[in-house]
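Mind looking over this structure? Questions follow.
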Amino acid sequence: MKKFDFCDGLVAPLDRANVDTDAIIPKQFLKSIKRSGFGLNLFDEWRYLDHGEPGMDASQRVLNPDFILNLPRYHGAQILLARANFGCGSSREHAPWALQDYGFQVIIAPSFADIFFNNCFKIGLLPIVLDAGSVDKLFHEVEATEGYRLAVHLQDQSVTAPAGKTFFFDIDPFRKHSLLKGLDEIGLTLQHSDKIKAFEEKHRAAQPWLFA
Amino acid sequence: MQTLYDKLWQSHLVHEESDKPDGMALIYIDRHLVHEVTSPQAFEGLKLAGRKPWRLDSILAVADHNVPTTGRDHGIKDPISRLQVDTLDQNCEELGITEFRMNDRRQGIVHVIGPEQGATLPGMTVVCGDSHTSTHGAFACLAFGIGTSEVEHVLATQCLLMKRAKTMQVSVEGELGHGVTAKDIALAVIGEIGTAGGTGFAIEFSGSAIRALSMEGRMTLCNMAIEAGARAGMVAVDDTTIEYLGGRPFAPKGERWEKAAAYWRTLKTDEGASFDKIVWVDAAQVKPQVTWGTSPEMVTTIDGRVPDPAQITDIVKRHDMERALKYMGLAPNTPISEIRPDKIFIGSCTNARIEDLRTAAEVVKGRHIAANIKLAMVVPGSGLVKHQAEQEGLDKIFREAGFEWREPGCSMCLAMNDDRLESGERCASTSNRNFEGRQGPGGRTHLVSPAMAAAAAVAGHFVDVRELY
Ligand code: SF4
């Protein structure tokens, strides 16, 4: 997993609620058997005016000039500001892959869908929940100020705005530790192999029909 | 006193990372279902790390998302889809994983074949790299969708790191009217609590209306739990559950069956156990539902109208509604019954089981699809469902009514194969998601029950199916 500790980044606002994973990365791109390269097709149906298919040359495609990420002032954004229930829908990890591949390191929203939220941590993309009022305030500030940046410190669990106002967020201590260190969760779990085996034996004795 | 969720959690707890009740914990996984879309990167990761699957007999694989629903003998035309399916075949072959291949009669949508094979059993933890894994909760399983990194984690360790969920009870008491189905309950609940209403919760559906549902109906309901934001939905074990499982290929036999069934009967919420949240539904009040927007919560009843954004004070909500109506090509206040679909899709892991096909066939029998319907298709959930339906003559009923009768798979639920809506086309669909572009770029989806889709097919517009009996 990619390590995350700190990000001082340009913020892009995506002002709609219930952004689903089909919108984040449409299904035709899920046919890929790779983990990388999804950034080009992030928000494909909103970002381009022509219909995207895997393997197309992105430089030949027609950009939608009205889509927020296509505005020059948001180019190079590393922090995505979003509305409630971001990432709802399917379990596709391709959605966090695409966001990360595009360049985002942090997503701030009042709430996230469960599976998406969970998937982000697995790849070192940080989803931050702030209360709806604070998020609303940030939307106003971002839209009003060109070049608006936020500083995110995982260690302090803080998001600091340019004028110095700081918001604090919650994070599970285990997740925080894994992110800060960029730990391989499978490796960590395998350290408990003996426990897993002991559990398995007990489980087999109680419910033998679960084992072939 | 424990809820069903508590029992399932407790009986799979391997290790806790912290002593706080809401800390991360290692949970043992009994059944791992695998399909072609979310697994290739997991298998690759496993290989790169030099790891092996922990327990092969826990895994069952099938290709469903990319498979064509016609002309299977010629294989898969699209080279990228083909590569994905071939990759699954190869991975399963190499590692010795049980897989139903495309031309196996047992092939079908992963959430249809698990229960059909008895590979889903009460008391199990069931995972799949697919959000609609919640379906399996109908069997009193703790079943939920996972991402690809977690697919790899389960392959390598047989466990998942997770946080305990809060519990929600959706209590549905009373009797459903004829022509009103589990799909209508699901949509009505989502309309009520919203697509984020279940976030952080595991939902248990209970009450007399749920006990009266068949396993098919319970699966439809649990399938849609994720559309309410809940990662898992579940129903307690009763006679219906046990009868459904008897004699299934992967189910225990003989003495083991007796022992298993006795244990399964304990899989219910203890009397007096408390939930974090309770939602009450009066079954008799539930009417056939139709979605009008681009999120499953944008739903109303068949006698309703498309809402008017001008009436909404919350600005974010109003904008979302305006955007949805624009995308859907609908004017505010249009009666739902005046909306005319171009295509009809009866299929998906929500509604492509035998009972779904029977209820749809009951409506179309002796009728014909309306002149404005460009395509009406039935895509059975599995090869065995298809076979059963053919035994009952349902395929004939559909064909005579002008429907196409296809091979099993996900098909136009998400349009990864050739089955899709063209831009601007409107569809009455028995699937679970009406997101923008879900059934094809620019396609417009209205979610309904199989009976309501069948009714729309023959009427040429949405109509209360109860008027057609
Ligand atoms: S039928 Fe649709 S929702 Fe179900 S698994 Fe297939 S694509 Fe997903």
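For all residues, glycine too, the Cβ spot is worked out from N, Cα and C.
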TrEMBL records B:Cys410, B:Cys413 as [4Fe-4S] cluster-binding residues. Which of B:Cys349, B:Cys427 is assigned to the same site?
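Record source TrEMBL; matching candidate: B:Cys349.
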For the [4Fe-4S] cluster site given as B:Cys349, B:Cys410, B:Cys413, which other residues of the same chain have their Cβ within 8 Å of the site's Cβ centre?
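Here the nearby residues are B:Asp64, B:His65, B:Ile109, B:His111, B:His132, B:Gly347, B:Ser348, B:Thr350, B:Ala352, B:Gly409, B:Ser411, B:Leu414, B:Ser431, B:Asn432.
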Using a Cβ cut-off under 8 Å and a sequence separation of 6 or more, which residues in the same chain sit near B:Cys413 ([4Fe-4S] cluster binding site)?
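Long-range Cβ contacts: B:Phe345, B:Gly347, B:Ser348, B:Cys349, B:Thr350, B:Ser429, B:Ser431, B:Asn432, B:Arg433, B:Arg438, B:Gln439.
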Within 10 Å of the Cβ of B:Cys349 ([4Fe-4S] cluster binding site), how many other Cβ atoms are there?
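26, counting other Cβ atoms within 10 Å of B:Cys349 ([4Fe-4S] cluster binding site).
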Output, ordered by sequence, the same-chain residues six or more apart from B:Cys410 ([4Fe-4S] cluster binding site) with a CB under 8 Å from its CB, or 'none'.
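Listed in sequence order, they are B:Asp64, B:His65, B:Val67, B:Ile109, B:Gly347, B:Ser348, B:Cys349, B:Met416, B:Asn417.
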